[in-house]
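Before any comments, here is the structure.
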Amino acid sequence: LGDVPRTSGAIFVARPESNHPDRFGLFGAPPLEEGYVVLVGDGRLKQFPPPSEFLLSVWNRSRAARLVCCSIVLCCLCLTVFLYLSENMGQTVTTPLSLTLDHWKDVERTAHNQSVEIRKRRWVTLCSAEWPTFNVGWPRDGTFNPDIITQVKIKVFSSGPHGHPDQVPYIVTWEALAADPPPWVKPFVHPKPPPLLLPPSAPSLPPEPPFPTPPQSSLYPALTSPLNTKPRPQVLPDSGGPLIDLLTEDPPPYRDPGPSSSDGNGGSGEVAPTEGAPDSSPMVSRLRGRREPPVADSTTSQAFPLRQGGNGQFQYWPFSSSDLYNWKNNNPSFSEDPAKLTALIESVLLTHQPTWDDCQQLLGTLLTGEEKQRVLLEARKAVRGEDGRPTQLPNDINDAFPLERPDWDYNTQRGRNHLVHYRQLLLAGLQNAGRSPTNLAKVKGITQGPNESPSAFLERLKEAYRRYTPYDPEDPGQETNVAMSFIWQSAPDIGRKLERLEDLKSKTLGDLVREAEKIFNKRETPEEREERIRRETEEKEERRRAEDEQREKERDRRRHREMSKLLATVISGQRQDRQGGERRRPQLDHDQCAYCKEKGHWARDCPKKPRGPRGPRPQASLLTLDD
């Protein structure tokens, strides 16, 4: 076409040949049918817009087109979501850790029941990062296996630098969730086998291998749980024996549901056989399995605090970890207040009857290493020989107070006697180790408080004597020193009246306390003291006001007297001046000058009188009362 004349720069368009030129397609573009091509420059043809103007956005051309596009986009989105959910459906795994986080309110409630506090972030850190490093089988996602929880608790409660006292609340809460599981934990907890009663008459069976425990748990009661142990096979008795007596045989002991300071988390106790115990009925030996307790591992203590059942058989109950934790946190240290901690340990020794291993656990939890060594040393010093005096024989000391685990069977009378003697020596060691070096300044620093009774003050004074001096305040030889300290260090009002007592030397300490109680009880109450102070203040104000008024009246009276004298003096002087002036004035003639006393002119015409301007007349002064 370049060779055609007058066609350079021409634009070719398609002319539609449709019978309906105004009809549009689906997306707004006009349909292109067969046609012919003409030059734009032909003025006889109709001008058509370019195709770009026909193919505009679908949203501006047709509502149906917009509806179709939205439907396509929505279908694609639904298909994508369906594929994503179908791929991930069934892949969510619930772990003990995630389960506890989902029910965190219940976990906090369980911790509160154990008297401990926990934090969510610390909970996740210990479960996923800290406890898996103990190498006891703890998974990173947590577990409710009581055996694994027990091993972690042993690690946490280890004495010395290997222990983790800050993790005690968390492992105690884990153990509580596994021991008494909520409904959302029960599907993840292994079922517990029924507790097995060990009667005193049982034939011996091969012992089961003990659960492996780390060596550092040798001083603690066994914390292994029989949750995963299989029930032992029943041994058929002799067919010639009598049948079982179901009416007279005692049922197995159940766990005490009541709260106790020693069986809070204790597992099901096993009954220890008693030597020489007779059968409860002649038919017991028929169908009752005879067993001997399994051989204990050398690194695991199988002794627990003793408790006697209803049938005279001893059961063992472990110390509750929450009780140990509360005893440690709710009492001062042995160095700060040895008397209070000694009283606590004494009550535990008397009520729980702990074994040698339990005593070591108790000392390791409540005392530091140095305090424990000091207590053990003082206890060994308190061992007495056959003559009743402290002995120095190593054999006698080791027999009475051994440092290594002895072979004392608490099921025998001899073993229980050893344990009783051991507890007595341990208590004596606590009392002797609690005494501080002699410091009389500490004793003199004990003074009676403003509202403290004399009896309470005397108890504090005696406790200071026991703690800071080697003297016993209950000794009659020390009564005089205690009495003098009681008088001098009492409250000022009580001390002054006690010092003025007649025949003070013959008064005993009890007499002084009774006199001090009388003085203390006669003290005015705070209300009476306030009323007395108010009354004294009012009287003092009235007396001061009266004195001020009397002083003011006396001052006014004195001023009036002085003023009267002054006025009388002034008046008398003026009168005398008036009388004297009248007598001294000479008689003038009618032509005599009053100024120069010459005759022939008057005073106004006197040449000797000065003619200058007259000065101001002096003003008379007025006397006031202040002058």
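Using the three backbone atoms N, Cα and C, a Cβ is placed for every residue, glycine included.
As annotated by Swiss-Prot, topological domain 'Cytoplasmic' applies to 1-63.
The transmembrane segment annotation in Swiss-Prot covers 64-86 and rests on sequence analysis.
Here Swiss-Prot flags 87-627 as topological domain 'Extracellular', drawing on a curator's inference. The topological domain 'Extracellular' (87-627) scores a mean pLDDT of 75 in the predicted structure.
For Asn113 (N-linked glycosylation site), the count of additional Cβ atoms within 10 Å of its Cβ stands at 13 [all protein chains shown]. The N-linked glycosylation site annotation in Swiss-Prot covers Asn113 and is backed by sequence analysis.
The compositional bias 'Pro residues' annotation in Swiss-Prot covers 199-215.
Residues annotated as compositional bias 'Basic and acidic residues' in Swiss-Prot: 523-555 (among others).
Swiss-Prot lists 575-608 (among others) with the feature compositional bias 'Basic and acidic residues'.
Taken from Swiss-Prot, the feature zinc finger applies to 593-608, supported by sequence analysis.
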Three-state secondary structure, which DSSP defines for Asn113 (N-linked glycosylation site): helix
